[in-house]
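Record features (Swiss-Prot):
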MOD_RES   Ala2  N-acetylalanine
COMPBIAS  129-143  compositional bias 'Basic and acidic residues'
MOD_RES   Ser155  phosphoserine
MOD_RES   Ser157  phosphoserine
MOD_RES   Ser161  phosphoserine
COMPBIAS  161-171  compositional bias 'Basic and acidic residues'
DOMAIN    178-424  domain 'ABC transporter 1'
BINDING   Gly210, Arg211, Asn212, Gly213, Leu214, Gly215, Lys216, Thr217  ATP 1 binding site
MOD_RES   Ser283  phosphoserine
DOMAIN    492-707  domain 'ABC transporter 2'
Amino acid sequence: MATCADILRSEFPEIDGQVFDYVTGVLHSGSADFESVDDLVEAVGELLQEVSGDSKDDAGIRAVCQRMYNTLRLAEPQNQGNNQVLLDAPIQLSKIMENYDCDTKLPGLLKREQSSTVNAKKLEKAEARLKAKQEKRSEKETLKTSSPLVLEEASASQAGSRKESRLESSGKNKSYDVRIENFDVSFGDRVLLAGADVNLAWGRRYGLVGRNGLGKTTLLKMLATRSLRVPAHISLLHVEQEVAGDDTPALQSVLESDTIREDLLRQERGLSLKIAAGRAEGSEAALLAEVYTKLEEIEADKAPARASVILAGLGFTPKMQQQPTREFSGGWRMRLALARALFARPDLLLLDEPTNMLDVRAILWLENYLQTWPSTILVVSHDRNFLNAIATDIIHLHSQRLDGYRGDFETFIKSKQERLLNQQREYEAQQQYRQHIQVFIDRFRYNANRASQVQSKLKMLEKLPELKPVDKESEVVLKFPDGFEKFSPPILQLDEVDFYYDPKHIIFSRLSVSADLESRICVVGENGAGKSTMLKLLMGDLAPVRGIRHAHRNLKIGYFSQHHVEQLDLNVSAVELLARKFPGRPEEEYRHQLGRYGISGELAMRPVASLSGGQKSRVAFAQMTMPCPNFYILDEPTNHLDMETIEALGHALNNFRGGVVLVSHDERFIRLVCKELWVCEKGSVTRVEGGFDQYRALLQEQFRREGFL
């Protein structure tokens, strides 16, 4: 029998993930509230009407609600009467007892503890209506509701310094360095950092690196929310959420991020109006002169030009800079959030994977721009070349601690290897010394003449510092299954293809490209140039307006979307996710498949929502490779992956026996995998014979012509 979730997915295939989570949460938590289908229509009908657009009228929405209401009633436990239910299959008690683990909660209990986060603004009306209904009926009965999935939140604690507290409270602390010592960060029961120290010197640019899931993003959030003590006089900005869409033009939105300038302009307008109306007092004229002086000091008149340069560098055309923010997609609004942060120039700028939202051109511009950044930056990035370009220092998060290194990423790699080698040598030397002393103690322990020497040696052992063996990070190894028979070309090609959604805006004209099982093709180009559209044409998800797509009859494509997280059910475990996608296989097979991509042990059983961005990507890879494709089409596969996994992914693709076409902005990854480089621009795709070096040189020359360098 179909569940309410199944009905929602079948009737509204385009339903937003947050709306889906909210509606299913209402259905399950408020099922006791619904005495009739009218109650259910009142609770979620209006929301479903918005989701359906014009595809369903009121009667259609009511019919869907009737199906879900019937499903809820059938799912209720029947404690009275002798109702008989026909089972789908016989129950084998012996197998149930074999699989039952007394220490493991039953699935039904687990679901009660799960929840989903919902966009409160978007669903405010529906929530208010449901709340009123629940309050009205609370006097009649006690409702048994299951709570929505609330993810664990991070917490931080740190040792306080009386001296720093006194300086802070007295206002005498004028330093812009950030020093946080002996602090802990936890995420639920997991300890991410223990007794850690972080020192951010003013004007330095720090790259924060480490494996997926260790707590880099959490550390940024702890700093941004000041859960870790950052001096109050230090302004900071954390680029995390996209800009809210409204009627404000993009350029004006950036200008408004400078609150000091906006406040001065507001004062200037108010004072000028008073003076013009003849209502000003003598002191207000002096105050206006003071405001003008301050505006001149911060070069307020040059602000629009500076904001425009930042927006242009991030890919906003002059026309786009005048568009209302509500007209931009989520990716462009994230760029807008980055532009606002760059324009505001905070004392401490916190960036979390800024290159994920950018194309190669914008990344190169950002590298150049940040190299002259006047204050402090802490950036989480897995883009090796980006860190080499902008970082003056590297902070390595591992083993629940933070280690600092001077220099860019390549310098960090060399220094880390030397440090580990020295630590190993010191550990081995001490172990050898301990063994030497222990041999003496064991030999003369019962010799009365040597008793004093034995005691001396024992004290010597006790005083030796306890050195731990070097904690080496495990090597990441990925392998794509390739147990398939190779076949002859042509494999996949587009011939003279035209494509557009609107005839007035042609995306591709007479596009001709081809790929075979030996291909290692990387597609680059500015955002909006049509890279993802071309991938969908190659896959057959989009049909050409004119022209032909040829695909070999044995071709089996595996597709990785840059929006893969949106396509995962975040409320179930990775094992359950694969079981739903590929039913009928033993659990060990799902676990083995996930283990290939580093999702093993308890990670495989945790809700996908609780995994880090990189771990979610690994789950998506496990799902993509389960059917053993012979050709991969990958759209930004390195987003959120740590450097070791990116490296392993590159080697896995090189060893794969099938074909690969991918879109990426990661320079090192492109150089590692790419045999052909295609540039997507102006409605066509061009092969660059000189590879990435030639493409980078073309972009740098373009920057010089446009005055960015």
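For all residues, glycine too, the Cβ spot is worked out from N, Cα and C.
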Please report the Cα separation of Thr217 (ATP 1 binding site) and Ala2 (N-acetylalanine) in Å, rounded to an integer. 39
Can you tell me the mean pLDDT for the domain 'ABC transporter 1' (178-424)? 91
Counting all other Cβ atoms within 10 Å across every protein chain shown, which of the binding-site residues Arg211, Lys216 scores highest? Lys216
Reported as an integer number of Å, what is the Cα distance between Gly210 (ATP 1 binding site) and Ser283 (phosphoserine)? 57
Rank the binding-site residues Gly210, Gly213, Gly215 by the number of other Cβ atoms within 10 Å of each Cβ and report the first-ranked residue. Gly215
Rounded to a whole angstrom, what is the C-alpha distance between Asn212 (ATP 1 binding site) and Ala2 (N-acetylalanine)? 37
Candidate with the highest Cβ count within 10 Å, taken from the recorded positions Ala2, Leu214: Leu214
At the level of the C-alpha atoms, what whole-angstrom distance separates Gly215 (ATP 1 binding site) and the residue listed as 'N-acetylalanine'? 39
Cα-to-Cα gap, Gly213 (ATP 1 binding site) vs Ser283 (phosphoserine), nearest whole Å: 58
To the nearest Å, how far is the Cα of Leu214 (ATP 1 binding site) from the Cα of the residue listed as 'N-acetylalanine'? 39
